[in-house]
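What follows is a single structure, written as structure tokens, with notes after it.
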Amino acid sequence: MIIRKVNVQSVLHYDQFELDLGDQMALHILYGPNEAGKSTLLNLMIDGLFGGKIEGNRKDYFDTRSKLEFILEHPSLPPIHYFRKKRYSKFILVDENGKEMENERLTPYLSGFEKEQFALLFGFDHERLRSGGESLLQSGGHVGISLFESGGGIQYVQKIVNLLNDRTKELIDPSFRKGSSKLLNKSWHLYTRSIADMREKGLRGEDWHKKAKEIDEKKDELDRLQKKYEQIQLDLTKERRRQRIWKPYQDRQKIRLQLDSLQQIPILSDETVQRISDTIENYVRTKEEKAKIKSKYEQKKTIRDQIHYDHQMLSLGTEIYTMNEKLQQYISRKMKEIPEEIRSMDEWKIEAQSLLLTIAPSIRIEEAEQLRIPFSEEEAILALADEVKNIQLGLQSEKERLQEYENERTKLERELKEMEVPVDPAPFEQLIRRIQREGNLDAQIKETKREWELGKERIDRIQKDQNIWGGSLRQLSEIPIPLIETIETYEKRWDELEKERVGTEQAITEEQERYYETINQLEQIELGGYVPVEADLQNVRNRRNEHWTFVKSVWLGKENVETISKNFSDADSLAALFEQSISEADHLVDVMRKESDRSAKRANLLLQKKQTEEKIDRLKEKLAETKHRFASLTKEWNEEWKRAGIQPKSPAEMKEWLKVFYRPVLEEWKKVKDVEKRYDTLSNIKSTLFEELTVAAQSIGCEVASSNNSIETILRSIETYVKKAEEKRINLENYKKRLKDANLKQLIQKQKVEQLNDRLEKAEERWEAIREKYGHLGSNPEIARTTIEKLRKLFQILSNITRAERSVQRKKEECDAFEWQVADLAKRLSKNISDYPSIENFVRTLRETYEREREKKTTADAIRKQVQEIEMEIVENERQERELKEIVQNYMETYQCGSVEDLRTFLLQASEKKDLETKWKETEERLMEAGDFLPLEQLEREAEAIENPEMIPSRIEQLEEKSQIIESRIKDEKEPLWHLKREFETMNETKTDVVFHSQNAESYLAEVDQYWNEYVRIELAKRLLQRAIEEYRRKNETTIIHRASNFFQKLTLNQYEQLIIDYDGDIPIIVAIDRKKGKRTVREMSDGTRDQLYLSLRLAFVENHLNDSVPVPLIMDDIFVHFDDERTKATLEILHQFATKTQILYFTHHQYVVQTARTIGENVQIHHIGNTQMEPVEGSIQ
């Protein structure tokens, strides 16, 4: 089965996500960075395949729009297209039309695997790989456990076995030695001791023995029924086993008859049978191929003889190809290049004549050479022309700048005369600096005043929050306050007494509640009738004894009846009184015996009532004493505060008052006084500075506002005045400096103008000298550059004309030579060029003819080679036929077969016998499994003893019916036995002790039963697990170890060559052979190597499954965390091989895995989970 398509809609951060895995098995690498949703996608794929309940916080992943779409393909089933949707807290399966389907529809596609089975067998992740390696270490490489774990995808089986062993050792000591601390032994010892104590305390006498005999008889009957029931269960188990083993026994007998019929046929290995079959098939095929080869040989010879070609044409092939290569050049020059170059020469001549007219009209083209100026002189002329031009431009610019400087100087002189002389601000600077050092006095005074007012408000607020002190703060600062140590001492004593008082009151309340509860219980008992207690019995007995004393006195003559009867006016006679007292005593005893439980309970309640009353009295006395001590402490506490004039509250409250009011308010009062002092100081400083500022301002004529008493206002006015005076002074200095600079610039500019005039005169003199030599340059230097550029262009055109004339001549000569060569070749081939439209047509036709002749020759050569190869093939075929015939005849002689068909029949019989041997072993396993793994001989004897197998079901039914009857009788007998035991217990006067020991015995017996059942379950589980491990090892040992060995060699890069089974004592273990032939146990391997060993075993089991069953996808989640790069690549190569048999999905966030996967071969697809549409990305290998 493969997953073809996955589509996730509205799940977590996936709005619309599609994964297309194609319709072929492949290795799919699903790559995405951390937090890209790989784990979420993996879980959704498992959910889509198996559905089930949505666990934990994963319920929040889905809403009503969530949908998982899947398309699965199966080799023997039609493709299925379905959806998973959330309904309440589980997934439901629906088809394309939204109709709900049963989950069983997917079972054949999933090969019957459940979700947990699939995860264990075909799911790999890093944690499971590490756990597998650790589990191998725990078992020490035990072969059975290692195979069992890796085959089932589980870990820590050895740990489970050890836990089971440890628990059985905790539960029981089979020797039952005295003093054993094992749980079951200890409980059994306590049970037997409780039974002994119960019997020792029990009732003696005939009734006890009678009741005990009845109990023993019931127990004997129960034991007899139990033994009978157990015997029936044994018979039932045997009959069921006989029923199970009959079918495999019959199959075994049939196979034995078939084997007996093939007794003369030897058992051959699969390799031998395959080798002989292959030899026969090769021999037959060789004979058939011989006729085909000879027929093919004759056909090739006929074709070879029919092919003819022109040898002379082929001998001139090089010249023909050369002509074809030159043909295009010939056509280009003849038809295009030569005409175009002649046309260009004519155009250049016209352009040269036009240029010459603008430079020197009287000169002809042929005489133009006399106008050429040497290149070195051209550059000098151009440089001189540029120099003249630049000097003229510079001179004009400098003259204009000189005029600007003269205008600027005149303007500055006029403005300077109009400016006033400023006032010197020096006298104010010292005063201003003093004020600045003081800071913003107005703000400081305002802030200080505000701080003083806030302090007073805080003090008022604190005073309002308490009612202990009502005097002034000055008085508060002078009163004597007790030390904090004294207060804490009183607080500790106060709290102790308070706790003692509260505790005593609470205890009184609890005892009163208990007293009232006791009264209620007594009333409840009395509502059921009067119940005497021991005290009542004692009173009655005292009266009985007193009456008996009177009776004896009368009998002995010490007293007369009349004298004594005066004390008992209610009685008719002394005898009647005595009889009544005896009757009352007997009646009271009978009532107490009958109502023993209620009597004992009433006695206990009366005792409890009396004890509670006494305890309440004691507690009330203690409470009164505590209150007296508390009053004394209160008086002492008030004396401590008397001198301060304060009526104190509790020590805790006064301690809190000191903390919350006394200390904070005094500290705040001191701060307010400090702020008030600072306010007075700042006000004095402000007054002094204000007067000084006013005097200074008036001395310089600066008017200040008198309406505001703010220093900052006056200071700003003076600073503005001083600032303006300073600006005027600076402005005056700047004007003077600018006038000085303007005079200097005017002088320098005049010198520059004079220098440029001198340079211009000298440059003009040099130009006149050049004009005398080259008159056609003109008198104006500015046009010299244009004239020289025209001369350069003219001489360039003349040079081009000369080169073009030479090129035309050369190309005409090459065209003539090509035409001569073509004519010569035509002559040698006896061809007439005039028969063709053009030379071009002749050359192309000649090449086509050559190609045809060459193709004929190639075909003829190939057929000749094929004929030679067929001749060699015929010889080889005849040799193979002789060898194979000899081998087949040897096989026929060896196995006494008269013909090839007889040999084939023999091979079929040998294979059949081998299959029967395999089935023989399988039936043995089935027989033992059906027979509860009893010895094979015993099972065969049981099966042989079966006379009427069709009667077994009726016998089982009869035994089951008997079992139910006996079981019902046992149940019926248990209830009377229980009642007898209860009656037996009530017979003892010391019932309380007997019941106590009986209950203990029952409790200990229940523990014994619990521990024994647990021991049986654990011991059975341990033995079944060990048997399953051993059976699993026996079935898979050879195949799995061999396959795992190959994988382990590749995963460890040939560091280990193979895996073998060795023995540590009598325990089989897995051992690795390294490249130096040394042995290495699992305990001697590194963590990473153990992980790779576990992976090798898991892959071996997976491969075994793929070979025997329909494949299912293999899902892996970043198992290469602790693999180096080389071993990662080796593992990917193995997975790539697996991808030819099943679909593999590998989730990773490592870029190296992606890069390596792209290099291992075909059939690899790489998907980026970040893509919304997850089709194979660029770089995947299809």
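For all residues, glycine too, the Cβ spot is worked out from N, Cα and C.
Lifted from TrEMBL, the feature list:
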- 208-242: coiled coil (COILED)
- 388-422: coiled coil (COILED)
- 602-636: coiled coil (COILED)
- 603-788: domain 'DUSP' (DOMAIN)
- 718-773: coiled coil (COILED)
- 801-828: coiled coil (COILED)
- 860-890: coiled coil (COILED)
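Long-range contacts of the coiled coil (602-636) within its own chain (CB-CB distance under 8 A, at least 6 residues past either end) are made by residues 490, 493-494, 497-498, 500-501, 504-505, 507-508, 511-512, 514-515, 518-519, 521-522, 525, 531, 533-535. Long-range neighbours of the coiled coil (801-828) within the same chain, counting only residues 6 or more positions beyond its ends whose Cβ lies under 8 Å from a Cβ of the stretch, are 316, 319-320, 323, 326, 330, 333-334, 337-338, 341-342, 344-345, 348-349, 352, 839, 842-843, 846. Between the coiled coil (718-773) and the coiled coil (388-422) there are at least 3 Cβ pairs closer than 8 Å, counting only pairs 6 or more residues apart in sequence, which means the two stretches are in contact. Across the residues of the domain 'DUSP' (603-788), the predicted structure has a mean pLDDT of 79.
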